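Step one of this worksheet: look at the structure below.
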Amino acid sequence: MCDREKDTNVRLSLPAVCVVWQTAMIILFGVFIRYDHESDAHWVEHRKHLNLTDIENDFYFRYPSFQDVHVMIFVGFGFLMTFLKRYSFGGVGFNFLIAAFGIQWALLMQGWFHSLDYTDGKIKIGIENLINADFCVAGCLIAYGALLGKVSPVQLMVLTLFGITLFAVEEFIILSLIHARDAGGSMVIHTFGAYYGLSISWMLYRPNLHQSSRLQGSVYHSDVFAMIGTLFLWMFWPSFNSAICDHGDGQHRAAINTYLCLASTVLTTVAISSLFQKHGKLDMVHIQNSTLAGGVAAGTAAEFMLMPYGCLIVGFCCGVISTLGYIFLTPFMEKRLKIQDTCGIHNLHAMPGVIGGIVGAVTAASASVEVYGHEGLVNTFDFEGKFKDMVPTTQGGHQAAGLCVALCFGIGGGIIVGAILRLPIWGDPADDDCFDDETYWEDVRICNVKSEVSRYFSTQKLLGCRKKKKALLISLSAQHSFGIIHTS
C-alpha cells in the first residue's frame, strides 16, 4: 500500500465527511445534550432556593481556566506545528479542523460516561464539560504531531473520531473504575495521545519518505511562528493542569507545581542542547519542544504535595530526557523501529507522560497524614464513598494501573486505527508530496514567489552582468526559502 499511486483529490470525500458528521452532531445534540442546572434559565430559581448568589455559579470559577486551555488548544498547539517550511497552513488549519470537530464529539462521548442524567436520559453540560472536551481534543492533537504532513484531512477526521472514542473509554476506566488521580492528564491525555499517534505512524510507515526530505525542515520565519505556539503553551500550562482541580488548595497547588516544573525544564533544556551542539549553539527544535516537557510530567501529581523542590527535580529530569530524546532517540526510532515522528511527540509527550505517571504513583504511595492532614488526604485523593477505606499505598498501585491502561489503549487503539487508515480511500499524499501545503491548500504565497521569480528572470536582459548575478542569487534564495528548490 505504501508504494501505490496516490490520489490526493478530496473534493468529494472531505466535504462529505464534514457535512455528514456535522449533521450527525446536530441530531445527537438535539437528542442528548441539555444545559446543566448552572447554565439553565432555571438557575434563578435554584439560586434562590439554596440561598446562593450569581457569583457562586461555577462559570466564574472555571471560565478563566477554560479560556487559557482553549487558547492552548487552538493557538498553542496550532502554531507549534508551523515549524515546517511549507506546511504552516496544514499545521494551523488542520489543527483547527480536528479541534472543532473533536470538542463536539467529546461532549457527547464524555457526557455519556460522566454527565448522563438517568432521570431523563440527557447529558447535562456546563463550563467544566467544555474544559474536559478540550482535554479530550488535546490527545488527538498530540497524535497529529506524529503524523504532521503525511496524512490527508480525511484521515485526520477518522483519527479524531476514533481517538475521542478511545479517550473517553480509557478516561472512564482510569478515573472512575480504577480511581486514579490525573488532574493534568499525564496519563490520560499525554501518554495515551502520544502512543496513539506513534502507533498509527508505525502502521503508516513510509519507506520512501526521504523523497520529501527537502521539505522536512524549517526556515527562520517558520521557527519563529512555532516559537509563538511554544510560549502560549508554556504560559498557560499551569491553567491546563489546574483547570479541573478542586477549588481552593488543590487548584492553587497545581498551578504552583506546574509553574516550577516548567521553569526548571527550560534551564536544563538549554544546557543539554548547548552541550551536544557544535560550538555550544542552541537547537531551536529543543527550545520549542523540550521546554514544555515539565508541564507534561507535572500533570498527574499536580495537586499532590510534590513540594517545590520536588517540582524542580521533576522539571530538571524532563529537560534532560526530552532533549536527549530529540538528539538520539528520534533518529533511532525512525531507523530501527520504523516510527516516523514528525514533531517528536515521543520526547515531548510520551516519555514525560510516563514520567508523570510514575511520579504520581510514587507521590501517592508515600502520602501521609503528617504531610496532608486527615481531611487533606481524603480531599486530595477523593477517599470517599466506596473508596473511603483506601490507603495511600493502595492508591499508588491504582495510579500505576492507570498508567498501564493508558499505554494499552494508546498502543492498541493506534494499531487498529492505523490499519484502518492504511486503506487506499483516504486521499493521503505521495511520498514526494509530504510536508507540502500545495497538496491540500490553495497556496497563494507560493504563487506569489513564483511570479516574483519570473519577474526577476524577465528583467535580467535589462540588467548589467553583475546585477544579473545578484538577481539570480535573490531568485534562488527566495525559491529555497519556500522549499520550491533545494540547494546545498
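Each Cβ is built from the backbone N, Cα and C atoms, and glycine gets one as well.
As stated in TrEMBL, the feature transmembrane segment covers range 350-369 out of the listed 50-69, 350-369. Taking TrEMBL as the reference, the stretch among 225-244, 285-304 described by the feature transmembrane segment is residues 225-244. Across the residues of the domain 'Ammonium transporter AmtB-like' (53-428), the predicted structure has a mean pLDDT of 97. Taking every listed stretch (12-33, 154-175, 256-276, 306-329, 400-421) in turn, the largest tally of C-beta pairs under 8 A with the transmembrane segment (187-205) is reached by 400-421. Comparison of 12-33, 154-175, 225-244, 350-369, 400-421 by number of C-beta pairs under 8 angstroms to the transmembrane segment (256-276) places 225-244 first. Among the recorded stretches 225-244, 306-329, 350-369, 400-421, the one sharing the largest number of Cβ pairs closer than 8 Å with the transmembrane segment (154-175) is 400-421.
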